[in-house]
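S.K.: Heads up, here are the entries from TrEMBL:
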type: BINDING; residues: 14, 43, 145, 147; note: Mg(2+) binding site
type: DOMAIN; residues: 11-213; note: domain 'Endonuclease/exonuclease/phosphatase'
type: SITE; residues: 147; note: site 'Transition state stabilizer'
C-alpha cells in the first residue's frame, strides 16, 4: 500500500489547552516535525463543538473524549500513513480517558490515553486499569499525564512514594504492565514537570505496555 509503514511510532503530549490558534499552530508544527504514527494528547480543553480544532492535514482519524466544560480532554490522532480500523471506543464523560481498540494492518492494538486529575491521581489511574483489565491484552499501550510519579527516581525531592502510589504500582505489576521508560532508562530522571510551589521536578507522564512480538520495536514508541 502506498504510504504505508512497517512500524509505528507513538508520542504523548500534555498540550494544556488548544483553544488558542497560536497553540494549535505550534501543535501542528510539532506533529509534522516529530512525524509520529499515533499522537496522544492530554488537556485539550475542547468541548464537543470544538473538535474540528484538532484537525491536522494527513491525520483524518481523530478520537476525542471531552467534558461539558473547557477543561481536561484527551485525544488520539492517527496518521493516514497506516491502515487503522476501529473495533471499540470507550471514553468518560469528563474527558479524562479514552480507550481505543482496533487493528493496524490486521494486527490488534489497544491504546488507553489518560489525563488524571490533580487530586487522587494514583487512585484514579488504578481504578481505570482495573476498569479495563479485561481489555488489556498483549498489544496494549497505556499512556498520558498520570499526574503522579511512579518511582522515587521520578522525583527530584527525597519524598517517599505514598500509599496510593504503592498500591497503583502493585496493580501495574499484577496486570503485567511495564514502564517503557524504565526499560531503556533504568536510572535516569527524565523529569517532565516542574512545580514552582514546591521548587521540585518530577516525571508524571508515563507509557505502560503489555508487549508481544507485534510490539517488539518499542524503542520507536
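Note: Cβ is positioned from N, Cα and C throughout, glycine not excepted.
Caution: TrEMBL annotation is automatic and unverified by curators.
Could you place these features in context, so I can see how deep they sit and what lies close by?
M.R.: The local packing around residue 145 (Mg(2+) binding site), expressed as other Cβ atoms within 10 Å of its Cβ over all shown chains, amounts to 26.
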S.K.: Cβ within 8 angstroms of the Cβ centroid of 14, 43, 145, 147: which residues besides those meet this for the Mg(2+) site?
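M.R.: The answer, listed by sequence position, is 16, 42, 115, 116, 144, 204, 205.
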S.K.: Within a 10 Å radius of its Cβ, which of these binding-site residues (14, 147) has the fewest neighbouring Cβ atoms?
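M.R.: With the binding-site residues 14, 147, fewest surrounding Cβ atoms within 10 Å: 14.
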S.K.: By a simple count, how many Cβ atoms lie within 10 Å of the Cβ of residue 43 (Mg(2+) binding site), its own Cβ left out?
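M.R.: Other Cβ atoms found within 10 Å: 20.
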